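Novice: Below you will find the structure I want to go over with you.
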Amino acid sequence: MDKANPSCFLFCMLTLFVSGSLLFFLGFFPASQSQLVEIYGNGNVTTKPTELDGVNLKVPAGGPKQVILLVIDALRFDFATASKMPYAYDHSCKFLSLKVDIPTVTMPRLKSIVTGAVSNFIDIVLNLGHTTALKDSLLHRLRAKEKTAVFAGDRTWIELFPREFSRYYENIDSFFVYDFFLGDSNITDTLKQEIQRNDWNFLILHYLGLDHIGHVEGSESETIFKKLLEMDSVIEYTTKNPKFENQLLLVTADHGMRNGGGHGGNEKEEVNVPIMLFQAKCLTKSKRPSSSQRNQIDLAPTLAIILDIDIPETSLSCLIPEFFDSYTQEAQLYHLLYNAQHLMNKLTRKLSMNYIQQRAYYQWWQEARNSHKHFLLSNVSSLVTFEKAKQNYMRFSKEVSRQLTQTLVEFEYDFIVIALTLTTLSALTLLLNVLFENPLLCVMSKGFSLTVFLRCCFMATIINYLCHYFNYISSRSLIIGILLTLPVAFSLYLIWDLFQLILQIILPLSPKFKAHFKLSIPSVLTTIFFIQIATRGSSSLIEEEHWTWYYLTPTLLIFLTAQNFHNNIKHFWRNQKLRENMLLLRQTFEMRNAIFLLLIIVFCRYLNANDARGYYTMDLATIFRRKGNLFYLDLILLTGLSLLWWLLRKYNSPLQMFTCLVALLSVFGYRQSPKYPGVPLVIFWCGVLTTACIHYSDICCKRGRNHSLGATFNLLALLKTNLTCCLLVSALLHDPHNVILLPALIFMLETSYQLCDNLYLKDKRLYNRSYILILKTVLTIFIANTFYFFQGNSNKLSTININPGYIGLKSYNALLVGSLITLNMYCAQINAYLYLVWHMFNTQVQTLPIRQEKEQITNMQLFESTEEDLYLVLNLYTTTTVVPVAVYWWLLIAFRYHLFIYSVYAPKAIYECFQILVFYLNFIITTLYFKLFK
């Protein structure tokens, strides 16, 4: 890390920050559901009670012989209506609403259904990756009773329960969202076979078609209603089968579906799902949904009672009393007692009995038991006594369930403290090295000292040992304990460097050693930057973060335009030469582009609706689709492709422009015939590869004969090619109406950079090179984030667009799908970063003749000057990206018990962590290019 190689310093600081962020992520989120048994006791299952205060209890007889659980993925509550699912709506014995916990994605929701506990928020990441098998659940209890379970549908069940099903028929490509009907048809065929057999007790069916349609076509698609009628016919077939006399059918969903078609957030359409019970003999038919709402986790103990098995040890939930109306009063009270006793046992493991007895819910527990006992001893059954016991059991269970759920949140504070120290120190190091310069003490200047680091490792080992000895750090394993020494050692190393630098800022030994500012940052930029950071402390401003960028970015553009206008007017009155005054007038007139930029912002704002609270849910794309005006959507697509091709002419040769045209036309062809994507996609990828090969083959073959100037041109050509290919791929991945955002992004960056250059050309003393570089860097970040939200993204997980991940694929591939989704989501940041780097090299090359004439600069000096500017920009870009994230980690700890921690702050944390990873990879790839083609 010497001064001649500052990219190594930035890489090291970024690596430390990313590592610290990942460590923070691991420490902040509570333990996974696979560890619930360990958290809440020794794993012993609560046995069914046999007596109540000296009164013998009779265990009620079992329920139906066979139970069918039909899970319709993404079936939100308002889908189960008389018009959309008429048979189910009219013939259900019970129809209730279930409240789903966040995150509203499949895997954590399935865990809640079978364990009865609130799943971990980090499961949303595991939902698309590795799934850990559960240790205790309904299916484990079922197997312990030597009963049989059969499954058909989403393969997530098989990953959670690899050995608990006697037979299973999984969908091989559960994540392949373009499968609307085939997978569901196979599940229905399995149902028709299994429903005739008597060798199973629990049949689980998980239909995915409705969820896939929502992801691809949205919640208003006509295919949605066809799928709902199909599900209704499946329910009708099941209930009208002769075997249904001894069966019970439960129909529900793992989660709902937001209006846009996705899920993962906390909107009411996502967290409210129906639960319908069907039996051959109903006491009463439910003609309309009940007004009462239960929790989804209540399904676990309820199903345990219906299946006549033990309640899972992991369950923290209550019974759904409406499902036991057909049971005798004695049986109902017995089951309520059993579940309440189960919760009481778990509570006594967490809290002392003296504390529990002082709480109101303990009185409800005593009153429920007394009323229950009085009911059993009474010769004549009393409805009043029965209801009193029932209501007190339910009140007690609800309150204890709430208490246990709250105590489930456990943080790994040792990980968090180490992570916060490492991320804060690395961010502070980056910030001080941007602002201050001291050639003798600056970290970038001194380089990495192995001796100091080894001393830090020795001290870190001692600290680690003492923390383990005094239980400040939880003992996990020897390997983890050793690995924790590294972040502690790096933190100590950074503390030592920062201490020296800060000491020279405050108390320099002499003027020679004094650290001084090397950058002059405009107060407007500083104010805007701090405003952007401050908004992260408000849950409402995090939900509506797009408004922050929609206001701050135009403000920055207006500020830049005002500076240019003031500068032009000032020079106009000072200048007496007519020719120069005419040039100034022309430049002032050209500032009309700034007004055009503001109009572009207004237009792009209404392309997509990303308001978290639904104030402006009608975007242009939705309006055109609902009115059937697909012609206008095609027109927007064609306009976007044409403008993109027109802008690419500046960066490509005529031959490359032809290959770009072929690629863009194939994008239009693909969007016009999505059912037959093969030919257009083949043509597209051939066009992209040909565009890349034109420059790469030429440069790689001639690289050995290039001198320094030739290397600069080579690097410039490769950067142009990379930017072009990235824009072409983004055009393919974008939704058709979003393609126009790509030329809008390039035009906005180009125009804003031109305004910055005009300032520099007019007054180099006032607007020096560093000032202009700061402006360009901040503008790039702000414009990129603004376009990120223009695309329809938000800080809610439900707005993630997964469709681009499946373009051209016929099966699910986690790595490829994840890469395409990431490239589409963060294309604004990636393209803006590439454009900024290309622009810097291009500006240096274009100004070479003038600088050689005026400054007598050589080719080597040109490259060194370009490299110096580049690393200044990279340092600025890295610092501006990292510092807000470092602040957010502290805010996340401060708000860890906030009401909206998992609905607002936690999703934002996932986005922050992922955005840092994307920038980290982008930085590494760009730096490798500089090293390879320097």
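Even glycines carry a Cβ here, placed using N, Cα and C.
Here the structure is a predicted model, which means the values were calculated and not measured.
In case it helps, TrEMBL gives these features for our protein:
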- 448-466: transmembrane segment (TRANSMEM)
- 478-496: transmembrane segment (TRANSMEM)
- 517-535: transmembrane segment (TRANSMEM)
- 547-569: transmembrane segment (TRANSMEM)
- 590-609: transmembrane segment (TRANSMEM)
- 629-648: transmembrane segment (TRANSMEM)
- 678-697: transmembrane segment (TRANSMEM)
- 709-733: transmembrane segment (TRANSMEM)
- 739-761: transmembrane segment (TRANSMEM)
- 773-791: transmembrane segment (TRANSMEM)
- 773-913: domain 'GPI ethanolamine phosphate transferase 2 C-terminal' (DOMAIN)
- 811-836: transmembrane segment (TRANSMEM)
- 909-930: transmembrane segment (TRANSMEM)
Novice: By DSSP, how many residues in the domain 'GPI ethanolamine phosphate transferase 2 C-terminal' (773-913) are helix, how many strand, and how many coil?
Specialist: 114 helix, 0 strand, 27 coil
Novice: So if I exclude everything within five residues of the ends of the transmembrane segment (547-569), which remaining residues of that chain have a CB under 8 angstroms from its CBs? That is, six or more out.
Specialist: 524-525, 528, 531-532, 535, 541, 584, 587-588, 591, 594, 597-598, 601, 605, 752, 755-756, 758-759, 762-763, 775, 778-779, 782-783, 785-786, 788-789
Novice: With Cβ distances under 8 Å as the criterion, find the stretch in 590-609, 629-648, 709-733, 739-761, 811-836 that has the most pairs with the transmembrane segment (773-791).
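Specialist: Ranked by Cβ pairs under 8 Å, first place goes to 811-836.
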Novice: Is the transmembrane segment (909-930) packed against any residues at least 6 beyond its ends, judged by a Cβ distance under 8 Å, and which are they?
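Specialist: Non-local partners: 7, 10-11, 14-15, 17-18, 21-22, 25, 28, 124-125, 715, 718-719, 722, 795, 797, 822, 826, 829-830, 833-834, 837, 867, 870, 874, 878, 881-882, 885, 888-889, 892.
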